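Database features (Swiss-Prot):
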{"type": "DISULFID", "residues": "93-104", "note": "disulfide bond"}
{"type": "DISULFID", "residues": "143-151", "note": "disulfide bond"}
{"type": "DISULFID", "residues": "153-170", "note": "disulfide bond"}
{"type": "DISULFID", "residues": "218-232", "note": "disulfide bond"}
{"type": "DISULFID", "residues": "220-227", "note": "disulfide bond"}
{"type": "DISULFID", "residues": "299-330", "note": "disulfide bond"}
{"type": "DISULFID", "residues": "315-325", "note": "disulfide bond"}
{"type": "DISULFID", "residues": "329-369", "note": "disulfide bond"}
{"type": "DISULFID", "residues": "345-360", "note": "disulfide bond"}
{"type": "DISULFID", "residues": "347-357", "note": "disulfide bond"}
{"type": "DISULFID", "residues": "352-353", "note": "disulfide bond"}
{"type": "CARBOHYD", "residues": "29", "note": "N-linked glycosylation site"}
{"type": "CARBOHYD", "residues": "316", "note": "N-linked glycosylation site"}
{"type": "CARBOHYD", "residues": "346", "note": "N-linked glycosylation site"}
{"type": "CARBOHYD", "residues": "359", "note": "N-linked glycosylation site"}
{"type": "LIPID", "residues": "224", "note": "O-palmitoleoyl serine"}
{"type": "SIGNAL", "residues": "1-27", "note": "signal peptide"}
């Protein structure tokens, strides 16, 4: 008789549940570990062509997986681009949600976005999408700027493009950005559960949005600006444009489950398919954000959920929208106070070359959630 059989039934059941949950918990904790390099300095990208020399690591680089470190070694100059793309993504996340209950809070250290990423909710979906998009965007732009040794502009578009224009110039290398982003960002995901599928899908949605928002730019050539012929190239969108699209997709995100209707014993092939929780809804497209868990209300502080609450947040007393005091303060009410502010005003440019301004003081009315 084995030791397991000697245990009381409630003990064996508890142990079994704990052991079953352990891989999922470990996978959740490993997701997004690479975000810890957000503030890394470009000077740490100490790379050489000699395979016998190792990448010099600072503590935050230890958060990268073996594959991620290998990709950094193989692409000199790319570490700064990845870190810069992540910083831009964080700023964009904060901008897009600045007037909502969840305002994309971040913290120093390896757990950049806090405990919310351990939940399969909409906010986690947006975080994964915007950070993936940020890396793809930054790497593609760095290629065309010549900052990465292993890539250049996208020169594949050459020759006539239309009756009065042709391809030329330096197109942003979105293909390299997407490929590197997929290899680097997705390799940080472990497991084969629904959370794993959700994160991979949202990572790809971020990259796809950068690609789909690219636009053609042209320059005219001809006598006296007659624009007889134009030279055109493909240009990346701003990350703000990408963030606007992803924010809209956050609002319309699809709640999903496994393609085999939620069984946690799906085959590998079945795991590659996500289906809407509501059978009446269309399956999520590659552009859509997906989630499987309801979001907290973010109204009050919760250490377990990692939510700060909205107490003390500034609100708009005249707005019926999400930034209004009624919604943002969760019905708790708000306080009003005045603040005297001194700002530069009536600035005048003097030739040459300085600007003179006056200091103007005015009273600002502030509304804060209770």
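Placed from the backbone N, Cα and C atoms, the Cβ positions cover glycine too.
Computed from a predicted structure; not experimentally measured.
Known features from Swiss-Prot, placed on the structure.
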{"residue": "93", "record": "disulfide bond", "DSSP (3 states)": "helix"}
{"residue": "104", "record": "disulfide bond", "DSSP (3 states)": "coil"}
{"residue": "218", "record": "disulfide bond", "DSSP (3 states)": "strand"}
{"residue": "315", "record": "disulfide bond", "DSSP (3 states)": "coil"}
{"residue": "325", "record": "disulfide bond", "DSSP (3 states)": "helix"}
{"residue": "353", "record": "disulfide bond", "DSSP (3 states)": "coil"}
{"residue": "360", "record": "disulfide bond", "DSSP (3 states)": "strand"}
{"residue": "369", "record": "disulfide bond", "DSSP (3 states)": "strand"}
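Neighbour density around each Cβ, counted as other Cβ atoms within 10 Å, peaks among the disulfide-bonded residues 220, 299 at 299. DSSP assigns residue 153 (disulfide bond) to coil, not to a helix or a strand.
Spacing of residue 347 (disulfide bond) relative to residue 93 (disulfide bond) is 33 Å (Cα to Cα, whole number). Note on proximity: among 153, 315, 325, 359, 360, the recorded positions of the record, the Cα nearest residue 104 (disulfide bond) is that of 315. The disulfide-bonded residues listed here are 104, 352; among them, 104 has the most other Cβ atoms within 10 Å of its own Cβ. Ranked by Cβ neighbours within 10 A across all protein chains shown, the disulfide-bonded residues 345, 369 are led by 369. Counting other CB atoms no more than 10 Å from each candidate's CB, the disulfide-bonded residues 143, 151, 232, 329 peak at 143.
In three-state terms derived from DSSP, residue 330 (disulfide bond) belongs to neither a helical nor a strand segment and is classed as coil. The least crowded of the disulfide-bonded residues 170, 325, 330, 353, 357, judged by other CB atoms within 10 A of its own CB, is 353.
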